[in-house]
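> Mind looking over this structure? Questions follow.
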Amino acid sequence: MPNSPVMPSVEEYQALLAERDALRGELRLVTAQRDLAEEKLRAYKHELFGASSEARHADQLGLFNEAEALATATDAPAREDIPGTSVAAHTRGKRGRKPLDPNLPREVVRHELPESERFCVHDGHALVEIGVETSEQLDVIPEQVRVVQHQRVKYACPCCDLGIKVTPAPTRIIPRGLLTESALAWIITGKYQYGMPLYRQATLLRRFGGDISSNTLAASVVRVGLATQPVINLMRDALLESDLIYGDETTFQVLKEPGRRPQAKSYLWAQVNGSGPPVRMFSYSPGRGAQHAQKLYAGVQPGTVLMTDGYELYNGIAHDHQLVHLGCWAHVRRGFIKAEESVPKAARSPDLLATRFVVLIGKLFAAEARSTKWKSERRQRLRARYNARVLAIIERMLVEHLPGVVPSSLLGKALQYTSGQWPKLVRYVENGNWPISNNLCENAIRPFVVGRKGWLFSDTVAGAQASANLYSLVETCKANGVEPYRYLVWLFSRLPLAATADDYADLMPWRMPAALNL
């Protein structure tokens, strides 16, 4: 007879079950770690090689139709509250070439028929001019570098040696400076508006005969930037008087900071107002702590609305100054887009959780785009009837899925961020004038981020402060529809003559005479 199998004892059986459960737990842990590693790898690849735009294709936006998104709603919103635009049937006309600016100077080149062809081929009569056919081309004259020579006339008494008089030197923004106000404005807009490093501008100047080192240009830019501080101070006062302020910050490397390594991170803080003449303020600080931010918001009025991302420091600023703190839905959406893009393309579908959040958040932004030109009361009604329902769906999905997602995954981080910011994220529906996102501030700070890739760092603290001032002036000009170069030429010529607070107030970008902005 064959030997019968030996049955394990109860204790051995329990030990085997425990070992199996332990191995299963280890397998789940290893699998989760592998999935997280693969997710990070896909995210890094997308960051390096993928498209940087967060825009969605039309078919992606339509993954969730309105009925599905609002399936739990008990009643339909009013007609005016449904985001959408009705366009009557029409035939789109062919777009012509954009005309050249009529304010540009014109050089007329007249093309005549040869005299031998100015006769009628039928009866020999001389042809008579009946008009012209006109076409235009844009021409560019390369930069012209010249030297402005100042001759101060001296007078003397012919009878004695004591009566010598010299014409006073003109007041300059940089006394005895090498560059004219126009040259300074050209260099500053080149760097702070168009992101051209000073060494490259020095090379360009040498091409046209202006042999000036980049060190000389840098020293001149720093002196001018610091000289504009009185105007900057008044711009900050105007910003703090606004009933809505946007805030953000980004890294800024400064090589020679007292007591710090050249590799240490410094910061550029951005502030944008939401009412009154547009102001774009940039401020340098060696750190990102509360003591630096408190200086920037000192003097803000209680009850002012503050729109920021989820950086914890802003919670303290809002609490200390009794501000209405709003959260940014663009940051929330960005987190879910990263989670969506970390999923292999073959596994993506409309049912993907990250995609569902992206689509719902897109509906919030679509409603805002639809109501941009509406009065605040009408926009608030839209938010109360439509946006609030979408927000309720998002909140239910958060509560349902947050406990079951790995916290360290991209989706888990997006869910946790949204949940932590929720009271600030939903508050914008209370007022039709309050923004849904911090995009206005991010758009203002973007030229600095792009320019930083070209010039990389500031050498000194004074240079960092000067750069912050000049970025503030250039971006404020752009926000007010003022041409930065023309404004800076005007400012640099008038700033040395200012003596009172009213004189400096008249130098704000929005107060430049319109005739000079052509």
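Any Cβ shown, glycine's included, is placed from N, Cα and C.
TrEMBL: automatically predicted annotations, no manual curation.
So TrEMBL has the following annotated:
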type	residues	note
COILED	20-47	coiled coil
DOMAIN	38-109	domain 'Transposase TnpC homeodomain'
DOMAIN	118-161	domain 'Transposase IS66 zinc-finger binding'
DOMAIN	177-466	domain 'Transposase IS66 central'
DOMAIN	472-510	domain 'Transposase IS66 C-terminal'
REGION	80-103	region 'Disordered'
> So what's near the domain 'Transposase IS66 zinc-finger binding' (118-161) in sequence-distant terms, Cβ-Cβ under 8 Å and 6+ beyond its ends?
100, 106-107, 110, 167-170, 180, 204-205, 208-210
> Report the DSSP secondary-structure composition of the domain 'Transposase IS66 C-terminal' (472-510) as helix, strand and coil residue counts.
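Breakdown, helix to coil: 29 helix, 0 strand, 10 coil.
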> Kindly report the helix/strand/coil residue split of the domain 'Transposase IS66 zinc-finger binding' (118-161) according to DSSP, in that order.
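Counts, helix then strand then coil: 0 helix, 4 strand, 40 coil.
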